[in-house]
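The domain 'UDP-N-acetylglucosamine 2-epimerase' annotation in TrEMBL covers 53-390. Residues annotated as N-acyl-D-mannosamine binding site in TrEMBL: Arg492, Thr504, Asp532, Glu581, His584, Glu603. Residues or ranges marked as active site by TrEMBL: Asp532. Residues or ranges marked as Zn(2+) binding site in TrEMBL: His584, Cys594, Cys596, Cys601.
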Amino acid sequence: EVYFQNLSKQKQKEVMEKNGNNHKLRVCVATCNRADYSKLAPIMFGIKAEPQFFELDVVVLGSHLIDDYGNTYRMIEQDDFDIHTRLHTIVRGEDEAAMVESVGLALVKLPDVLNRLKPDIMIVHGDRFDALALATSAALMNIRILHIEGGEVSGTIDDSIRHAITKLAHYHVCCTRSAEQHLIAMCEDHDRILLAGCPSYDKLLSAKNKDYMSIICMWLGEDVKPRDYIVALQHPVTTDIKHSIKMFELTLDALISFNKRTLVLFPNVDAGDKEMVRVMRKKGIEHHPNFRAVKHVPFDQFIQLVAHAGCMIGNSSCGVREVGAFGTPVINLGTRQTGRETGENVLHVRDADTQDKILHALQLQFGKQYPCSKIYGDGNAVPRILKFLKSIDLKEPLQKKFCFPPVKDNISQDIDHILETQSALAVDLGGTNLRVAIVSMKGEIVKKYTQLNPKTYEDRLELILKMCVEAASEAVNVNCRILGVGISTGGRVNPREGIVLHSTKLIQEWSSVDLRTPISDALHLPVWVDNDGNCAALAERKFGHGKGIENFVTLITGTGIGGGIVHQHELIHGSSFCAAELGHIVVSLDGPECLCGSQGCIEAYASGIALQREAKKLHDEDMLLVEGMSMKKEEVVSAAHLIQAAKLGNTKADSILRT
């Protein structure tokens, strides 16, 4: 540790010498709304605390300066930051055009500000339309950009804006390992990505305000106790405004019916926000005895309110990110946060056609206490970010480079390529057989190869590679162009990484196996890997009985038993990638031992290997063969013999099949 600390100090010293000993890094932090300030404020305090390294310029724009949203620029002044520039950039309106005009107005005003400040680097947070204007201006004016919270996934237009800012930014601070992997997948330079955690967690995890009761009383009333109130924060979904307004109405109806004291915060500045406020007023929320409707709560106090709430409800990223630090139950409504990583405290209500679904969610969640989650940070983000800023070498070329994966040389347009059948290599790795096929885009099997599945890891991987190389070579002869490889395998699979995490004894030596890398390296093709049951469900969705069906379950039976679940047209993997391991549902605690190590699983009764086991038992007791059946001496007893015996009147065989 001392070695790395000294190394880091040496690197910082070298960077200072390169940048000029007297040069301080001039950092411009631009904040647009209350939400992004809660993430930027800890960084701003850190920068301000080290004047020997940094000069801080603060630019305030967006909803900070609007009275309807609480004039939240005042909290920046209360935190003792000098605001160098205030820019009124919000064009008032109730549709998508107002957001576009606001971006345009910001783009007109920002160049003059940036020309005056001449920052070395601009810090931009998140995925709001105001942030896109900031990043666009800085990029076009050759100012380095540090983007906070890139690489994350959520619903609505925010996703597109976040990724657009990522492409403009020179440096990236991300909060989770998945976000880091997404940035790398988006061809960003790994050396310019810092996995720091969320800056707001530095404050959350050190929040020790003993006097939370006075805060609860101030915002909700003297008679309210901890864990006996709700915090509601819901924003319009700009890609489906009508639906989000309808869901907000249902939410308010459910909260009125639930009859608990509720703090409702006004929505963000977005297309549809005014309509949501009208819905609140139509339902009398501002005058209802159980509700307190507010435009803004200071972040320090908001932390205490959500930390001691009985539940938080809405579609704010705060619910799925920050609130997990306290284990407070959260009900996440709609699609706005779809794709976000969440702790076990979050219950999703993706769609609601009546208030009953939301009411039921409130009944399930209210008053629970979950384990605290640190998915988004460990409380040490700011020191990491400051260290990262100090390491920036201003003499490095400004033009950013993208790290594209290696690709084959482009082949010029050729009639043979036009006439080729676009195809994929399919690899199916089961408990007994290993199959490789050339499959057309229409799902037709052009050519198939089958071998017995080897018992050892080395032999198995060698055979897979050999069969794939042979199939890829043969594809040329049958006029097929291979675009990629899909691998279906038994066992628990992480499809994002292409790794088989664990397998039962059905496939031996098949745990922690990286399948993607060696096959992709050998064939120079993209490779996808998933569990065989999930692959079957995907096949049904694309080519079979699941075509056009929103929700269905696929069950596959063979040597083992597996399945796949498609919900709202999406394949469900589950947090530990075993959502559809239907064969390993335990149906009898004292049943036969399963190859997974448990007892009484469905697979231990009903799989091909289980039927073979029972057939052998009957055969050993001379109770399998009946009139009309015969077996050669060297013939292996199989499940087929059990089925044949049952058909010919063997009552014991029939009983096993019924079970």
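Here the Cβ of each residue, glycine as well, is placed from N, Cα and C on the backbone.
Annotated features taken from TrEMBL, shown on the structure.
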| residue | record | CB count, 10 Å |
| --- | --- | --- |
| Arg492 | N-acyl-D-mannosamine binding site | 21 |
| Thr504 | N-acyl-D-mannosamine binding site | 23 |
| Asp532 | N-acyl-D-mannosamine binding site | 23 |
| Glu581 | N-acyl-D-mannosamine binding site | 23 |
| His584 | N-acyl-D-mannosamine binding site | 20 |
| Cys594 | Zn(2+) binding site | 24 |
| Cys596 | Zn(2+) binding site | 20 |
| Cys601 | Zn(2+) binding site | 28 |
| Glu603 | N-acyl-D-mannosamine binding site | 26 |
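A Cα-Cα distance of 16 Å separates Asp532 (N-acyl-D-mannosamine binding site) from Cys596 (Zn(2+) binding site). Listed in chain order, the extra residues whose Cβ falls within 8 Å of the Cβ center of the N-acyl-D-mannosamine site residues Arg492, Thr504, Asp532, Glu581, His584, Glu603 are Gly490, Gly491, Ser503, Leu506, Asn531, Gly533, Gly560, Ile561, Gly562, Cys578, Gly583, Cys596. A gap of 8 Å separates the Cα atoms of Cys596 (Zn(2+) binding site) and His584 (N-acyl-D-mannosamine binding site). Per-residue pLDDT, averaged over the domain 'UDP-N-acetylglucosamine 2-epimerase' (53-390), rounds to 91.
In this record, N-acyl-D-mannosamine is bound by Arg492, Thr504, Asp532, Glu581, His584, Glu603; the longest C-alpha to C-alpha distance in that set is 15 Å.
Neighbours of Cys594 (Zn(2+) binding site) among the binding-site residues Arg492, Thr504, Glu581, His584, Glu603, defined as a Cα within 10 Å of its Cα, are Thr504, His584, Glu603. Reported as a whole number, the C-alpha separation between Thr504 (N-acyl-D-mannosamine binding site) and Cys601 (Zn(2+) binding site) equals 12 Å. Sitting within 8 Å of the Cβ centre of His584, Cys594, Cys596, Cys601, and not among those site residues for Zn(2+), are the Cβ atoms of Thr504, Glu581, Gly583, Val586, Leu595, Gly597, Ser598, Ile602, Glu603, Ala604. A distance of 10 Å separates the Cα atom of Glu581 (N-acyl-D-mannosamine binding site) from that of Cys601 (Zn(2+) binding site). Arg492 (N-acyl-D-mannosamine binding site) is 16 Å away from Cys601 (Zn(2+) binding site) when you measure Cα to Cα.
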